[in-house]
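S.K.: Take a look at this one; I'll ask things after.
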């Protein structure tokens, strides 16, 4: 037990009772009444031991109404959150408290949010592909099981729909669950994701136990302590499913940049000397501690997809640059493709993956992917000629390449289960083998006689040939 000696915005200095010095990361609870007579209950986390018998703590909720001299109680342990089967379908805050007005989250199991990464001996050393059922991803920028994927793309290019499809597919194909951490993003986006997950039955309101995703939010309006620590709460919930239930888990972090930004605010308020571009001197350590917890063990895996905001489009900024060091793959969403109506609008040439190597994915997959990329690259080069004088100015060979590339571009689109509401066509999960087979038929020209519309928004190649037959009948 101690009392508050100083308050600087979301940061408090507390003088503990003699001989009762709390450890770093312990949570303190400040209770009292504000001048208006309302009860105050603020949880803080110890960040620094200052000497002269004081500690500096960062609050996890607003510090309005706190006063010097108020009592603070040391809980003797780090922040702990409820984990387990009770979390899917619910929205929690950084402390694991529900914020969806559906009653309390009562779990017999709680985990502290500060946990060490799995030991090297527990890691799964085998490189394996994490099949998503999305053609463009599995073929050209495959995800690694237990890997980290950066998701790049502006507003309105289909990021939320892609995330929901992945949540849906991991539940159906891998029997896994997902955890989505909203780190310092707009409250509207968190609300949109919640509403859309309910609409597409990823969250089942009638029977929450059938839900496939747990949501943890620390949005833009929260103090920096909450925005920084929600980046630890979400992985903690995911670790339960990996370590105890031995499942494959998908962890979404939206947005990893805001995690760094919140850490920078806390660092400045704690009085640390800033480093490059005003970021915290501990940037690499904070990022590493979070990212190292996201991995495959021999029991299960956490595969993480992180939306990366690039400030002022500067890839050399310390925040995105530190993030890139940890990524295994990047999925870049393109506004140009979205404008053409090709969804998912994943850019096939800009998206990359360290897994696309012949000794990992196999010779057949690698050759097919390279063929697709080469054809699309050759289609990209004469765009100016196509746009102004028209296709007639191209050589016969180039015209054939363009025709095949346009078929490939359309075949990379796919109807999503969660987007059935918008597209009206049933969603499709396409296995990697079917994807490779389809492109192996388009590349050498086996399907040159089919119209390009036949390849748009279909699942596997058999559906494209069936669609072509239907189009021919309608044409007659």
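Cβ coordinates come from backbone N, Cα and C, glycine included.
From Swiss-Prot, for reference:
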- 153, 154, 155, 156, 157, 158, 159, 160: ATP binding site (BINDING)
S.K.: List the same-chain residues at least 6 positions away in sequence whose Cβ sits under 8 Å from the Cβ of residue 160 (ATP binding site), in sequence order, or say none.
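M.R.: Residue 160 (ATP binding site) has long-range Cβ partners 189, 192, 193, 196.
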S.K.: Under a three-state reduction of DSSP output, how is residue 155 (ATP binding site) classified: helix, strand, or coil?
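M.R.: DSSP assigns residue 155 (ATP binding site) to coil.
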S.K.: Which residues, sitting 6 or more apart from residue 158 (ATP binding site) on the same chain, put a CB under 8 Å from its CB?
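M.R.: Once residues fewer than 6 apart are set aside, residue 158 (ATP binding site) is near 333, 338, 343, 344, 345.
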S.K.: What three-state secondary structure does DSSP assign to residue 160 (ATP binding site)?
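M.R.: DSSP call for residue 160 (ATP binding site): helix.
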S.K.: Among the binding-site residues 153, 154, 156, point out the residue whose Cβ has the most other Cβ atoms within 10 Å, with all shown protein chains included in the count.
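M.R.: The residue with the most neighbouring Cβ atoms within 10 Å is 153.
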S.K.: Compute the mean position of the Cβ atoms of 153, 154, 155, 156, 157, 158, 159, 160, which form the recorded ATP site, and then list in sequence order the other residues of that chain whose Cβ is within 8 Å of it.
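M.R.: Leaving out the recorded residues gives 333, 338, 345.
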S.K.: Starting from each candidate's C-beta and looking 10 angstroms out, tell me which of the binding-site residues 155, 157 has the most other C-beta atoms.
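M.R.: That would be 157, with the highest Cβ count within 10 Å.
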S.K.: By a simple count, how many Cβ atoms lie within 10 Å of the Cβ of residue 159 (ATP binding site), its own Cβ left out?
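M.R.: Excluding its own Cβ, the number within 10 Å is 22.
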